[in-house]
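**Student:** The transmembrane segment annotation in TrEMBL covers B:21-40, B:80-102, B:114-136, B:156-179, B:216-239, B:259-280, B:336-361, B:396-417, B:429-451, B:463-483, B:504-526, B:554-579. The feature domain 'ABC transmembrane type-1' is assigned by TrEMBL to B:76-280, B:392-580.
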Amino acid sequence: MSTLTHLAATSPDQGRAHNPNAQGAPIKLRVEGLGKRYGNIDALHALDLDVRSGELLTLLGASGSGKTTLLQIISGLVAPSSGRIVIDGRDQTHAPAHQRDIGVVFQNYALFPHLTVSQNVGFALDMRGVSRAESRRRINEALAMVGLEAMHQRFPRELSGGQQQRVALARCFIYKPSLILMDEPLSALDRKLRETMQMEIKRLHRETGSTIIFVTHDQDEALALSDRICMMHNGRIEQIDTPQAMYERPSTVAVARFIGISNVLEGTVMQGDQLATADATVALPKGHGCQPGTPGALVIRPEHLNVVAADHGALRGTVVEAVYAGVETRIVVRLASGNLIVVRRLSGQAPLGIGSVVGLEWPAHPPHFLSV
Amino acid sequence: MAELAMQTAKAKPARKPQVTWSALWLVVPGVLFLVAFLLYPSFQLLLVSLKDPRTGAWTLTAFSKVFAGGVYTRTLSSTFIVALQTTLWCIFAGYPLAYWLARLSPRRQRMAALFVLLPFWTSALVKNFAWLVFLGRNGVINDLLGAMGFTPAELLFQRATVVFAMVHTMLPLAVMVMLPTMNQIERQLAQAADTLGASAAQQFWRVYLPLSMPGVAAAGLLVFISALGFFITPTLLGGARDTMLSQLIIVQINQLQNWQMGAAIAVMLVLAALVTCFIYDRTFGLSTLSGGSSDRLQHNGLMRRAGLGIGCAMGNLCDALARGYSRLSGARNAGWMLAAYAWLIIAVLIVPILAFIPMAFTGSDFLSFPPPSLSFKWFGQYLQSPLWVGSTLRSFGIGVATASITLLLATLAAFGLARSRSRLGGLAFLLFMTPMIVPPIVISVSLFYLFAQMSLVATNLGIIIGHTVIALPMAFVVLLATFKHYDWRLDQAAATLGAAPWRVFIKVTLPLIKGGMFAGLVTAFLQSFEELTVAMFIGGGVKTTLPKQMWDDILLQVTPTLAAASVVVVVIVCALFFLMEYFRPAEHQVSAS
């Protein structure tokens, strides 16, 4: 029943920061053949990655996928075992963190507990020898940007989690670093606050035109925030694409399963654009380009499935669960092979009893084919 | 949104009010004990100092003598100077060692900390005795100097030697107090400073050092207060001009029977300690002593601004120096120097203790290092002497009794405090920490006065009570930490799974707290086993404990039997210490993301 835990609301057309300039913008960060070994374990396998100026790129992956390691190498807090880091055309592979002109927003904010909000925000200006008057002006500006002018004399422990988060953002944006790295900055916040802060980060990104690399394990967050998503798995980059492309055309089963709720039908490609699965033989979209006899998989999003009478439709199974979620009801259907299929139905349709046998079809939307 | 989050944080309800009241009652036995054997006798001592012994009239003559110039005033000032020097040296020498320890991985830190904890638990008597042997005219240091072509120097009976030996005695305390604060500093903060453009030097001076200051201040407080009441080191290693207040108390009471004067000096000692504590509390807040975060950080306090200013200046200076150094030498990493320093200090801490082992097996009639030949004869002497064997057995018995009573009182009190949120809890906490602030010599003298009225002088019970007063704070702190870290929801979970209260205790609570209980038991035993002052006054020369026997011998005639006795002490301390380490609960490793 693990599918049920993934039933978080995800829809492909949620608002997304689409930066029209990102496409032709110069390359801000180039990662070439970057690898990291810890003892005998490869945390990162020789990756290549380009990030364009003004882009918001998320590194998405489960824990242990290597996304935090990659971020730490880019920030200069961890040295790579191989490869190069080029920022603004300059090789920074061996530069220490404090000489890189990058900004990092840490998971637990890492605010200095002995300094006030103003002093925290002004720390980087201090390090750069900015004059006192100039520094004061910019601190006020940065605090105004995150709506914390009134809190400038407080200590971090006197602030709520969301406020601490805003201080961390202000501390990072104030010195306009050429590259901003965010390491799961919202993971400590509750869901409501997290959504507010996502909006805030998008706004800051838009207003400042900064380049941001954002690490998260939350696919909703990645879909909502990113210009592009870089999906990582076992120390490798699985796919880099826009959120829409990644949702609609995942390049591997791993990506399909990680992003959104996916129903994956695995089987063998047959003559005449057919896929033989354990439950049924189903039609493949034209032009899949696979030889008969090779293994393949179909990815079908729950919103593209229709429930029909048991003797109609391409698949047949038993309803084992129905989860009411306001605007829609999610139905879990068990196929004969034991494979669980999730279907989204608008609420208000005739309810389906648990145990009833139904058929499934996908009339309007061709499923996405993956060669495995 | 943010305001809402703050409100919910504030509105967190206090858990189970009905538990808190009944739990606080458990503090009562310990409180009564301390009122009877610490507060009441101290108050009596204060009265003694203020009353003319013949007429019984109120008078300040004893105090005016202290300030009238002459020997008392000189001793008062030299006590302060020695204590201050000791404190500063302990902090300056100890900080890098604690810093080095704090940067090790948890596993390696635990191993390396053993080298600091072992000298911490070895008695001051043994450590100072070692320096007496080493630094003597024919000691190993002078032999080394001679071999290098220097003329032998008079190393003993110098102010510098007294300070050195006191620093040696209390450095482990300073390090062990500073270390927990340093361990709490998140490594991420240095990384954050790094990404914000701070060099290594600036990270240290602007972020690490200010955050470690509460630990430094706590170490300074504890070292200074202990140093004020010291008498072993100046007696053994100091000259006539290095006399300290505690020695005067001993002379006034044990030799001159001048209770009024002795009591007045004792009151001065306590006052000095209290004033120090008061200043500390005003600046840092006493709660930082138990590892709580400081609530005294004023937003624009002078101290804070000055501290930050110094940090900034030093950060810039050291940054420039480090740049110059790396440009000159080409080296980027000078980390090995810190490690080398740390191991050097550890060697200085450990070697004098281990040196007793070869010295005890000497074949010669004199204590010397290295021994000219080896034999077992001094251990034979030790075992055949009814004085030595008797005092060792008595120390054992008193230690076991002290440990049991201390554990009982401390467990009840710590449990009661950990489970209650009452304001009275803070007062009880202060009371339980008071024996740490009142110098042992004052506790001993005041109990001596009280017990003289109760015919408890020269009894084992008298010594046990005195040792319990002294051992309570540390056992209490250990147990309080244990109970505060204990997750009480586990008890509730066990209860909901159908366990009766006593089964909850046996099956769930006890297995999880037994490490802390054992640590409390051993700390109490060790403190009693090595305690000298109480035994000196209350033993009355009849009930001699092992440290008292050693003390008498050191003052009379130094024989290798003493080294044999020291080895016995060190072996017992080591055995218990390693047992305690073995039973210490494994720290729950925080999994890194």
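For all residues, glycine too, the Cβ spot is worked out from N, Cα and C.
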**Student:** Counting Cβ pairs closer than 8 Å, which of B:114-136, B:216-239, B:429-451, B:504-526 has the most of them with the transmembrane segment (B:554-579)?
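**Tutor:** The stretch with the most contacts is B:114-136.
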**Student:** So if I exclude everything within five residues of the ends of the transmembrane segment (B:463-483), which remaining residues of that chain have a CB under 8 angstroms from its CBs? That is, six or more out.
**Tutor:** 30, 33-34, 37-38, 290-291, 398-399, 401-403, 405-407, 409-411, 413-415, 417-419, 429, 432-436, 440, 443-444, 447, 456, 513, 515-517, 519-521, 523-524, 527-528, 531, 534-535, 538-539, 543, 545
**Student:** Look at every Cβ pair spanning the transmembrane segment (B:336-361) and the transmembrane segment (B:114-136), keep those 6 or more apart in sequence, and say whether at least 3 of them are under 8 Å.
**Tutor:** yes
**Student:** What same-chain residues lie close to the transmembrane segment (B:114-136): Cβ under 8 Å, and 6 or more beyond its ends?
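**Tutor:** Sequence-distant neighbours of the transmembrane segment (B:114-136): 97, 101, 142, 155-156, 161, 164-165, 168-169, 171-173, 175-176, 230, 232-233, 236-237, 346, 349-350, 352-353, 355-356, 359, 367-369, 526, 530, 532, 547, 550-551, 554, 558, 562, 566, 569-570, 573-574, 577, 581.
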**Student:** Thinking of Cβ pairs under 8 Å, which stretch from B:80-102, B:216-239, B:259-280, B:396-417 has the most of them with the transmembrane segment (B:504-526)?
**Tutor:** B:396-417
**Student:** Would you confirm whether the transmembrane segment (B:396-417) and the transmembrane segment (B:80-102) meet the contact rule of 3 or more C-beta pairs below 8 angstroms, pairs 6 or more apart in sequence?
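**Tutor:** No, the transmembrane segment (B:396-417) does not contact the transmembrane segment (B:80-102).
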